[in-house]
Amino acid sequence: VHRLVTYIFVYEDLISLTCGAIIIWYFAGSFEKNVGTVKHCFFTAAFAVLTAILYLLLETVVSRMGEVEDAKGFMPIAFATLGVSTTRSRMKRALVWGFRIPVVLVPWFMLCMAWFIPHSSLLSNLCGLLAGEAYGLGYCFCLDIPESVASKLDQMFPFSLLRRIPGLRYIPGTLAERRVSESS
């Protein structure tokens with residue numbers, strides 16, 4: 001059961017770790033700005049479990065057709081956050097390498113690009129994207145944390161400690177607190 005979450009910490013080489021870190025920094029960072037640090041931590045664990053379960057279900061089918069790369073790394077979670085962000089985005093088009101494409105196609109375009117990252121599992125990235133889009137479209141509404149709960153968790157350990165660390169940017173859990181911290 002512990003492997004449903006721990007696979008996100010496994011990397012085979014420095015190149016896949018670097019590519020994963022860049023993708024995490026860019027996509028998961030913007031997701032954290034929208035939902036807050038508490039919810040981001042919760043969604044990281046929830047998306048890791050959802051992705052792993054979906055991967056295990058699909059692996060049995062896909063492995064009959066060919067060899068499947070093991071699920072590893074944080075990239076599937078980054079794809080989940082990207083899926084949520086694009087399904088809930090108000091933007092219609094995004095600029096990708098000088099081309100304007102529909103926002104809903106951006107994660108699929110990125111999924112094709114991630115196929116070329118060494119030791120990256122296409123199936124696990126796809127599962128992460130599907131889990132994120134399912135949540136973004138409202139199929140996993142049970143994962144929503146009320147802002148009152150997020151506000152209470154902001155005051156508890158380890159989040160209260162994260163808030164005090166200088167140089168670390170902590171995003172509050174409630175929308176009102178996020179707006180105040182953005183304006184300051």
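Glycine residues also receive a Cβ, built from the backbone N, Cα and C atoms like all the rest.
Residues annotated as domain 'Peptidase S54 rhomboid' in TrEMBL: 2-139. For 6-28, 40-58, 94-117, the entry in TrEMBL reads transmembrane segment.
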Helix, strand and coil residue totals from DSSP for the domain 'Peptidase S54 rhomboid' (2-139) stand at 95 helix, 8 strand, 35 coil
Looking only at residues six or more beyond either end of the transmembrane segment (6-28), which have a C-beta under 8 A from one in the stretch? 40, 44, 48, 52, 70-79, 81-82, 85, 114, 117-120, 124
